[in-house]
Amino acid sequence: MSGEPAPVSVVPPPGEVEAGSGVHIVVEYCKPCGFEATYLELASAVKEEYPGIEIESRLGGTGAFEIEINGQLVFSKLENGGFPYEKDLMEAIRRASNGEPVEKITNSRPPCVIL
């Protein structure tokens, strides 16, 4: 024994599916609006929770921050006026990864705070 810790595998054991695998997310956002940082923050949180997930970004129109899970629109900033709560998105991803129906997210946090 060398006293070195054994390497930790991030690959799931045979027969187990990596969390989020089979789920494809597309986030369409307005880059000139400054929404790229919000996308990157959200994508990082999602990948941490669901390492097997596929996340794709697309540039969208003015004011857009739209999220699709497996081709289904689950959140629209254009409709809701804010951004999704992380917990609501994680729940939608969990449902999709379990093969359950995904409902549209209607709760949203304000896009900015006025002090």
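Backbone N, Cα and C atoms are what each Cβ position is placed from, and that goes for glycine too.
Among the features that Swiss-Prot reports, N-acetylserine is placed at Ser2. What Swiss-Prot lists as disulfide bond is Cys30-Cys33. Residues annotated as S-geranylgeranyl cysteine in Swiss-Prot: Cys112.
Looking at Cys30, Cys33, the disulfide-bonded residues in this record, the fewest other C-beta atoms within 10 angstroms of the C-beta turn up around Cys33. In the three-state DSSP scheme, Cys30 (disulfide bond) falls into the coil class.
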